[in-house]
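**Student:** Take this structure first; my questions come after.
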Amino acid sequence: MAAQGFLLIATFLLVLMVLARPLGSGLARLINDIPLPGTAGVERILFRLPGVSDHEMNWKQYLCAILGLNMLGLAVLFFMLLGQHYLPLNPQQLPGLSWDLALNTAVSFVTNTNWQSYSGETTLSYFSQMAGLTVQNFLSAASGIAVIFAFIRAFTRQSMSTLGNAWVDLLRITLWVLVPVALLIALFFIQQGALQNFLPYQAVNTVEGAQQLLPMGPVASQEAIKMLGTNGGGFFNANSSHPFENPTALTNFVQMLAIFLIPTALCFAFGEVTGDRRQGRMLLWAMSVIFVICVGVVMWAEVQGNPHLLALGADSSINMEGKESRFGVLVSSLFAVVTTAASCGAVIAMHDSFTALGGMVPMWLMQIGEVVFGGVGSGLYGMMLFVLLAVFIAGLMIGRTPEYLGKKIDVREMKLTALAILVTPTLVLMGAALAMMTDAGRSAMLNPGPHGFSEVLYAVSSAANNNGSAFAGLSANSPFWNCLLAFCMFVGRFGVIIPVMAIAGSLVSKKSQPASSGTLPTHGPLFVGLLIGTVLLVGALTFIPALALGPVAEYLS
């Protein structure tokens, strides 16, 4: 079993790196504001039609463009969900959503979280899924990538005030990266057996003679961007464990690759744009080390079996509870770590049914800020915050002004970095405390004791860090939970983007200083270790007390 697990992890990472390297070169061209071959004429036409200017923007203008697009998308999606019964492509005549569920869902998909307090096949029409959720899957992913484009330019430019044009970046990211790659993935899913139609739900007779209603819909097109954009919201309630979404072992492997593809490619692009590929490799090494350790821990925990089931006399040589027999323990463990290391949230197994230790690792990966590969764009700018913090700590230890890639890291940048890092832990801990203090929060818990608290902690961690996966056992479709999680998702997304853009605006105005003998190398194994230690230290200090009340207490009981 250990050899199989090692081979699975090694194969996954090898194929991932092979695919991400050329994509990273393409992204580097876009960051450097170089149109891809054959696209310049199309871009000029598309900008001329709505009269959009392609002038360079400072960080405030860039930020306002990103926020404006997302707020408009939030309003449109909210009213679309409220009135979906008036809209076309609703063969099941599904009613509109309640205001709190519509708000929660709109915020969820605009913030790239895709938390779902509903069952897709019984709640949303084809139009809502396709014109509402899928469109936001593209736009939220493009927004995250655009932010990291601007942040990377802050290190490659000097004595300037501009970071590019948000509309140009959003257009290029969507048209030349997300749409083509998602189209290829969708066609592959269709070839493998995923659904893509607009038929009414089909009544069929089962082998037992009973009648069953099979949901239909444009699944493959949404499934592709759901994975590629690290969105994670399933067309069906069972998400990627549903055979209509994820029909074969091959589609399952491709889904995992799609989740990590752009975050990995952005690391390669970062190294290429900065002129030092070692910087990109340093980030990949740090992410990969944490990732491999976490996968190993989850695999080990799940292979050991569930002692609670064993005490009841059930066969628990390995923990198959809540897992698809098509995929098994090892693949389910790998998928769980992939989807929570990235801010995806798609699932092929019930994380609530993992062992206490096996479920704690995905929760902790979210709590450290989704920086181990992370979401498209958001993962890299989240990890870059820890890079700046690690550089600052190293500067304090050696008595030098911290600098990274020739840019001095001053008090302003460190205040903004600390603010950005503290946003999501504050939301998680305060949100979980509020839920446990109120009757409305506790009434949604279906399980008592440490595991019940773990479900609450997981839900708030998932929302605040824009992941979207969940422990079951929490009845989250209530006004209290819909509003609480919507607030966490909104602030967890934009409360980090705003200081990140402010840091970029500060750094781009500075001159690059040449490296000297006293400059801390930020590309070697020493800095990789320092960066990993910084991530672990912040995560440990922040969440150990909360984890001790939940999964740790459950593991020791």
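Every residue gets a Cβ built from N, Cα and C, even glycine.
Note that the structure is a prediction, hence the values are computed from the model and not measured.
Quick paste of what Swiss-Prot says about this protein:
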type: TRANSMEM; residues: 5-25; note: transmembrane segment
type: TRANSMEM; residues: 63-83; note: transmembrane segment
type: TRANSMEM; residues: 132-152; note: transmembrane segment
type: TRANSMEM; residues: 170-190; note: transmembrane segment
type: TRANSMEM; residues: 253-273; note: transmembrane segment
type: TRANSMEM; residues: 283-303; note: transmembrane segment
type: TRANSMEM; residues: 329-349; note: transmembrane segment
type: TRANSMEM; residues: 356-376; note: transmembrane segment
type: TRANSMEM; residues: 379-399; note: transmembrane segment
type: TRANSMEM; residues: 416-436; note: transmembrane segment
type: TRANSMEM; residues: 484-504; note: transmembrane segment
type: TRANSMEM; residues: 526-546; note: transmembrane segment
**Student:** Out of 132-152, 253-273, 526-546, what stretch is closest in contact terms to the transmembrane segment (416-436), meaning most Cβ pairs under 8 angstroms?
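**Tutor:** Checked against 132-152, 253-273, 526-546; highest Cβ contact count belongs to 526-546.
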**Student:** Cβ under 8 Å, sequence separation of at least 6 from the ends of the transmembrane segment (253-273): give me the contacting residues as numbers and ranges.
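**Tutor:** Residues 12, 15-17, 19-21, 23-28, 31-32, 141, 145, 148, 152, 156, 177, 181, 185, 188-189, 223-224, 227-230, 240, 246, 279-281, 283-284, 287, 334-335, 338-339, 342, 344, 346, 373-377, 379-380 contact the transmembrane segment (253-273) from elsewhere in the chain.
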**Student:** Mark yes when the transmembrane segment (356-376) and the transmembrane segment (526-546) have three or more Cβ pairs under 8 Å (sequence separation 6 or more) and no when they do not.
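**Tutor:** Yes, the transmembrane segment (526-546) and the transmembrane segment (356-376) are in contact.
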**Student:** Test the contact criterion for the transmembrane segment (132-152) and the transmembrane segment (379-399): 3 or more CB pairs under 8 Å, pairs 6 or more apart in sequence, then answer yes or no.
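**Tutor:** The answer is yes, given that the two segments have at least 3 Cβ pairs within the 8 Å cut-off.
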**Student:** Which residues of the chain, 6 or more past the ends of the transmembrane segment (283-303), have a CB below 8 A from one of its CBs?
**Tutor:** 1, 5, 9, 13, 264, 267-268, 270, 318-319, 329-330, 332-334, 336-337, 341, 354-355, 357-358, 361-362, 365, 371-373, 380, 383, 387, 525, 528, 531-532, 535-536
**Student:** Should anything in the same chain at least six residues away from the transmembrane segment (356-376) have a Cβ under 8 Å from its Cβ atoms, list it; otherwise answer none.
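**Tutor:** Answer is 112, 141, 144-145, 228-230, 260, 262-264, 266, 287, 290-291, 294, 297-298, 301-302, 319, 333, 336-337, 339-344, 382-383, 385-386, 421, 424-425, 428, 450-451, 454, 457-458, 461-462, 465-467, 469, 471, 535-536, 538-539, 542-543, 547, 550-552, 554-555.
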**Student:** Taking residues 6+ outside the transmembrane segment (379-399), which of them lie with a CB under 8 Å of any CB in it?
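**Tutor:** Answer is 147-148, 151, 230, 263, 266-267, 270, 283, 286-287, 342-343, 369-373, 409, 413-414, 417-418, 420-421, 496, 500, 503, 518, 520, 522, 527, 530-531, 533-535, 538.
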